[in-house]
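Annotated features, as they stand in TrEMBL:
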DOMAIN    A:10-221  domain 'Cytochrome b/b6 N-terminal region profile'
TRANSMEM  A:39-65  transmembrane segment
TRANSMEM  A:85-112  transmembrane segment
BINDING   A:His93, A:His194  heme b b562 binding site
BINDING   A:His107, A:His208  heme b b566 binding site
TRANSMEM  A:124-145  transmembrane segment
TRANSMEM  A:151-178  transmembrane segment
TRANSMEM  A:190-211  transmembrane segment
BINDING   A:His213  ubiquinone binding site
DOMAIN    A:224-394  domain 'Cytochrome b/b6 C-terminal region profile'
TRANSMEM  A:244-264  transmembrane segment
TRANSMEM  A:276-295  transmembrane segment
TRANSMEM  A:301-321  transmembrane segment
TRANSMEM  A:333-353  transmembrane segment
TRANSMEM  A:359-383  transmembrane segment
Amino acid sequence: MAAPQFKNPVVRWIDYRLPIFTQLNHEYNEYPMPKNCNYLWSFGAIAMVVLITMIVSGITLAMNYTPHTAYAFNSVERIMRDVNFGWLIRYIHMNGASMFFIAVFIHIFRGLYFGSYKAPREILWMLGVVILLLMMATAFMGYVLPWGQMSFWGATVITNLFSAFPIIGDHIVTWLWGGFSVDNPTLNRFFALHYLLPFVLLGVVFLHVAAVHVHGSNNPVGIDIKGPQDSLPFHPYFTIKDTFGLGVFMIIFAGFVFFAPNFMGHPDNYIPANPLVTPAHIVPEWYFLPFYAILRAVPDKLGGVLAMFGAIAVLFVVPWLDTSKVRSANYRPLYRQFFWVLVVACILLGYAGSQPAEGIWLIVARVASIYYFAHFLIILPLLGKLERPRPLPASISEPVLKGGGRLATAAAAKPMEKA
Amino acid sequence: MSDTTHPAGGGGQGGHEGEGATRRDFLYLATGAVAAVGVASVAWPFIDSMNPAADTLALAQIDVDLSPIQVGQSITVTWRGKPVFIRRRTEEEIAAAASVNLAELRDPAPDSARVQQPQWLVMVGICTHLGCVPLGQKSTDPKGDYGGWFCPCHGSHYDTAGRIRRGPAPLNLALPEYAFLTDTSIRVG
Ligand code: HEM
Ligand code: FES
């Protein structure tokens, strides 16, 4: 791919010294995308836009927010009532966190379904898991900032998880708090870190995107691009497709912000933090519920904590646990079914996490937790050996061009649907 | 050239060559060790700055007047940002706490080790599971299956000496350091 000839002399002057325009053209204009990528491939770009939205809304919130136990709650209420468009900015930030997790969860399950973590994309996948961890840390600390009852007790319960570690546990917790309970020093450091981590996140996202562009995107068929007939330039084909997907996503996002801004929140967080009274029913934000359910499913404190962290740690090694050479679940009849069982298990875990840990929901949480780990640690390694994949097409375009009647007509019908 | 910049790894060379490689290895190790110690000693002040500050530690003592508390009543005071439960126990509660068979306790402790004066039970009111404040201070609160305290977060039951009896918490409610200043006042911390 030769350097493009830019007409604008200023652009040419800069590009000769710092080839950012060549780089941009290379990565976002002529960059070859597999032409069969569907809308599930839009969620990376969507997540990126949500991250930028979080940073912009976060910085403007920070200009009116006071990180002190005596003022934090009231400063957020002032943002809601007195600051120009404060209500909008805060609701964007609050719901943006949820939308971020929705986009990233879909993005991750997309990767699991189409085997996007397989060689040569292992590092890309692991950077993705790092992004998930950073997001969770950022969202957890952000939720503490408004200093409501859920902020305080969520912070207390989650930081206390570290006390489960023998000997050093209590020292870690005191160190995290900067005191003997969640208090002003804790709020201050959480604010500092909540401001910092999104920029660290941005850095890791940059590496993640750089890693995608080394070998290109995976695609629904899961085989490599064999030639020019298999790909389309990123611009305009995928810029338009991603923009359309983003538009639909943003309509849903705006729907929450304007019509149900507290739907995903918890009313107790509009009560100022009180260190002497625990709310009757503490639940974390919805995006933590599956992990919370795993924590509570284990009847031992340290065991529960290890299982919860293990649930994410296991994702790091998925590229090596899955022994099948075939990427896409579309060609793996058995894996495809187990994939959906995993999805159901995760949803059940999420629901069980929102219920009191007793009776039927405790049992559901236990069964689903066992399946979660079994899926990755037992089923994935075995399936690669036992399963007989369906034959893969010779190339990405083969199913479309030769006798792929169903796909071809579907593709032709698309423009008419939109017209 | 290559002999000096890339120490020979394989054997079979002259004694001089082998010696050079050893010195080079030593230099690598020494440089690495100096860097590691340097980084660790520079990192420590930053890490330690996140531990409790001097004023946080200084706030760590309070005096409590016990005289207004009637038999069977509890009060909650704040110490180090945490609730401290002070209960003037009834005769029945003391008897119930003393009669427990220690072998059936998860975190065995006789009642006498839990109090300085049997009447006064002083504990940190923080569940040893994940840090919620157990219920049982108010007369209308649920007190759990053992008549002491009940943590609603994940269902831990504590008895009338604050010992864990059922539920996920691993330990008894913690005892703060305290001393009787007079018969009716204590200093916590
Ligand atoms: C990865 C991106 C981010 C996520 C997932 C995130 C998440 C959150 C969450 C869940 C809350 C609690 C909202 C509520 O219930 O009120 C929050 C609050 C807050 N965040 Fe962020 N945040 C992000 C980026 C940022 C950035 C870059 C800043 C810039 C300083 C920021 C500043 C704030 C402030 C000041 C608050 C307190 C005001 C409030 O509670 O509405 N956030 N954040
Ligand atoms: S915090 Fe009390 S039972 Fe979990």
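Positions of Cβ are set from backbone N, Cα and C atoms, glycine also.
Within the same chain, the transmembrane segment (A:85-112) stays apart from the transmembrane segment (A:151-178): fewer than three Cβ pairs sit under 8 Å, each pair at least 6 residues apart. Looking only at the domain 'Cytochrome b/b6 N-terminal region profile' (A:10-221), the predicted model's pLDDT averages out at 95.
Residue pair A:His194 (heme b b562 binding site) / A:His208 (heme b b566 binding site) shows a Cα separation of 21 Å. When the binding-site residues A:His93, A:His107, A:His194, A:His208, A:His213 are compared by the number of other CB atoms within 10 angstroms of each CB, A:His213 has the fewest. The DSSP secondary structure for A:His107 (heme b b566 binding site) is helix.
Contacts between the transmembrane segment (A:359-383) and the transmembrane segment (A:276-295): present, as 3 or more C-beta pairs lie under 8 angstroms, all at sequence separation of six or more. Between the alpha carbons (Cα) of the residue listed as 'ubiquinone binding site' and A:His93 (heme b b562 binding site) lies a span of roughly 30 Å. Geometry remark: A:His93 (heme b b562 binding site) versus A:His107 (heme b b566 binding site), CA distance 21 Å.
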